[in-house]
Amino acid sequence: MTTSSLFIALCGVGWIVAYVEALRIGLKDKTYAIPFLTLALNFTWEIYYTIQGYHEFGYHVSTYVNFIWVLIDIGILYTYFKYGRKEVKANDLVFYGQALLFILSCFFIHHFTFQELGIVKGALYSGFSINFVMSFLFVRMFYRRGGPTGQSLIIAISKCFGTFSSTVLIGMIGSKTAGGVNNYILYLGLMIFVVDLFYIYLLAKAKKPNSEKSISA
């Protein structure tokens, strides 16, 4: 296994753990564990670049990883459509309609990015940009829900680990496929890392509502 494949695998494992935990927490707490905006962008990114990656690179480790992400994200999307309705002040038509329209729009965004930048830079720049927004939306979710409901340290730490692994590969070590060391990805990845650490701190410091009740009892 090459260094590049190793770090791609580490990134993949980190995100797989985060996604599986997000699905588990969503079903357990009857909510969704990943902000919908970035969930939709991620889900469509994974589908788009699984297909494009297969056509370009065949059965590469990144193609397998992307495909696994797609399968788990289907479950996470299910939790949003099943439980997210209670957090949105709109009727069913508006709730489901705007969600499906946004998901469809995301495919066009990824396609235009791919046409402009190509498969490697398109995937990297859009993927890290989505990740950057997701980090802030996780923090916003924590404050909006008034605590860690529908969230967990496993999600936060695994996301942080997965993203940092790809930051090290693309921004520090460099990848031939990506054109060597990429400073843009390095700086963006480090900003994501800082926000992720803050989110981990918030979750580590917070107490679950159920835990507080049992302590007071």
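Here, residue 1 is simply the first one shown, and the rest follow in order.
Glycine is no exception: its Cβ is also placed from the backbone N, Cα and C atoms.
Given the structure is predicted, the values throughout are model-derived calculations rather than measurements.
Database features, via TrEMBL:
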TRANSMEM  6-25  transmembrane segment
TRANSMEM  32-51  transmembrane segment
TRANSMEM  63-81  transmembrane segment
TRANSMEM  93-112  transmembrane segment
TRANSMEM  124-143  transmembrane segment
TRANSMEM  152-173  transmembrane segment
TRANSMEM  185-204  transmembrane segment
Range from 6-25, 32-51, 63-81, 93-112, 185-204 with the greatest count of C-beta pairs under 8 A to the transmembrane segment (124-143): 185-204
Listed stretch, out of 6-25, 32-51, 63-81, 93-112, 152-173, that has the most CB pairs under 8 angstroms to the transmembrane segment (185-204): 152-173
Feature contact check the transmembrane segment (6-25) with the transmembrane segment (63-81), CB under 8 Å, 3 or more pairs: yes
The transmembrane segment (32-51) versus listed stretches 6-25, 93-112, 152-173: most Cβ pairs under 8 Å: 93-112
